[in-house]
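The annotation domain 'Sodium/calcium exchanger membrane region' is assigned in TrEMBL to 11-113, 215-357. Residues or ranges marked as transmembrane segment by TrEMBL: 20-41, 61-83, 95-114, 163-183, 213-233, 240-259, 279-305, 317-334, 340-360.
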């Protein structure tokens, strides 16, 4: 929490001396460094121990981060900000750009999963035919079944791997285009601070805690320490996976996803209390976009150089939870204003999804 405080102060100083788009991008980027440190170390640990549970936990943590940034962070900021301010307004144009990027990123990340749902069943018929031939040649049904079960994922993933690599190249390219749009060609959209508009009974002026260079240095130092905490958490994750009585899906989407999000959550609440909800929303959207457009492609490309066994095919629960959350977020952000009731709706949906993960069985083999 102290590190979260210093990260929030540094982001506020940087944002106050530029625009909120740059502040949100900086906040999301340093948050991604923390999360990637945890994910990569967890995948390496799983590869060394030959334990697929680590991969499933990483996928659950990625999904939990996405759900938290789309539902929980903006929803909680709307509730806390709405208690102090009856109605809050935000930059609807910037929120629209973020929503478009989020739709592109979620569609790209889950494209291999949808591909597997459509064409994966076709491979099963080939496997059944091969099984029938093996049985006819007097090979034990049990040996044949074990052989085919072990080869099923490998055979199909070799077919979907080109799509995974294509998506992993296109998504970062789309993110770079989005950065050029938000920070260069159309930066004027983000120069509008809704909190600076004429809101009855409110007068806001940005607070600069530190100079820009001092804020950057403190931000880098705090991020490195947070990354060290994430690495330490990875070393102590084994007892949680082995002795937990709840679903490992639930552990991934809650504990392992929310701990790295603490700085973003604290920052979003601080900005919402200052009636600068635009920055709170932009922070959550930027992190969700970076999860899909940067973190996941980096994990895929990292597995090329270090065989971690990371397969970009998510469970149905992850797929539909993320799709529904993005659609709901886009509906809430449509009119450019909100209150505590809309924030409550987002948080309630988030808790309903958590209940689904809580009662869901653990991944197969874990």
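Even glycines carry a Cβ here, placed using N, Cα and C.
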Summary of DSSP states over the domain 'Sodium/calcium exchanger membrane region' (11-113), given as helix, strand and coil counts: 89 helix, 2 strand, 12 coil
Outside the transmembrane segment (61-83), six or more residues from its ends: residues with CB under 8 Å to it: 35, 38-39, 102, 106, 252-254, 256-258, 260-261, 264-265, 268-269, 271-273, 275, 277, 280-281, 283-285, 287-288, 291-292, 295-296, 314, 318, 321-322, 325-326, 328-329, 338-347, 349-350, 353
When counting Cβ pairs under 8 Å to the transmembrane segment (279-305), the leader among 95-114, 240-259, 340-360: 95-114
Long-range environment of the transmembrane segment (163-183) - Cβ separation under 8 angstroms, sequence gap at least 6: 21-22, 25, 94, 97, 101, 104-105, 108-109, 111-112, 115, 189-190, 289-290, 292-294, 296-297, 300-301, 312
Helix-strand-coil residue split for the domain 'Sodium/calcium exchanger membrane region' (215-357), DSSP-based: 113 helix, 2 strand, 28 coil
Chain residues outside the transmembrane segment (340-360) and at least six past its termini with a C-beta under 8 angstroms from it: 60, 67-68, 71-72, 74-79, 81-83, 246-247, 249-250, 253-254, 317, 321, 324-325, 328-329, 332
